[in-house]
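Asks: What Swiss-Prot records for 44-73 is domain '4Fe-4S ferredoxin-type 1', and it gives sequence analysis as the kind of evidence. Feature annotation from Swiss-Prot assigns [4Fe-4S] cluster 1 binding site to Cys53, Cys56, Cys59, Cys93; the stated evidence is sequence analysis. Among the features that Swiss-Prot reports, [4Fe-4S] cluster 2 binding site is placed at Cys63, Cys83, Cys86, Cys89, with the record citing sequence analysis. Sequence annotations record features per position, and here Swiss-Prot assigns domain '4Fe-4S ferredoxin-type 2' to 74-103 based on sequence analysis.
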Amino acid sequence: MNTLFGKTKEEAKPIVLKSVDEYPEAPISLGTTLVNPTGDWRTFKPVVNEEKCVKCYICWKYCPEPAIYIKPDGYVAIDYDYCKGCGICANECPTKAITMIKEEK
């Protein structure tokens, strides 16, 4: 099919966003962990290495839950009550400052 938003690849080129900052903020729907904390059912959890973090906030933008927040010093942190351990943040981090480690029970 090779379409985007009902347009062919060539027609869609002008609407493809080049920067993370160009993407719109998405609202949080009622089915998220905002109203349903995950608790501790994760298998893996993300851990931030501040020495590698460049404060680009890509992890924060891509996190599907309200689990990543920005601390007063500008670094990101994980609120494990809301993190479901999906690993999107670690996968999107350009400097690999976030690693997924086995959850200890």
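Positions of Cβ are set from backbone N, Cα and C atoms, glycine also.
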Asks: With a radius of 8 angstroms around the mean position of the C-beta atoms of Cys53, Cys56, Cys59, Cys93, what other residues of the same chain does the [4Fe-4S] cluster 1 site pick up?
Replies: Val48, Val54, Lys55, Tyr57, Ile58, Trp60, Val76, Cys89, Glu92, Pro94, Thr95, Ala97, Ile98
Asks: For the recorded [4Fe-4S] cluster 2 site formed by Cys63, Cys83, Cys86, Cys89, which further same-chain residues have Cβ atoms within 8 Å of the site's Cβ center?
Replies: Pro46, Cys59, Tyr62, Pro64, Glu65, Ala67, Ile68, Ile78, Lys84, Gly85, Gly87, Ile88
Asks: Under 8 Å between C-beta atoms and at least six apart in sequence, can you list the same-chain neighbours of Cys53 ([4Fe-4S] cluster 1 binding site), or say none if there are none?
Replies: Tyr75, Val76, Thr95, Ala97
Asks: Based on Cβ atoms within 10 Å, give me the single least packed residue among the binding-site residues Cys59, Cys63, Cys83, Cys86, Cys89.
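Replies: The binding-site residues Cys59, Cys63, Cys83, Cys86, Cys89 were compared, and Cys86 has the fewest Cβ atoms within 10 Å.
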Asks: Cys56, Cys93: which of these binding-site residues has the highest Cβ count within 10 Å of its own Cβ?
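Replies: Of the binding-site residues Cys56, Cys93, the most buried by Cβ count within 10 Å is Cys93.
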Asks: I'd like to know which of the binding-site residues Cys83, Cys86, Cys89 sit within 10 A of Cys59 ([4Fe-4S] cluster 1 binding site) at the Cα level.
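Replies: If one measures from the Cα of Cys59 ([4Fe-4S] cluster 1 binding site), the binding-site residues that come within 10 Å are Cys89.
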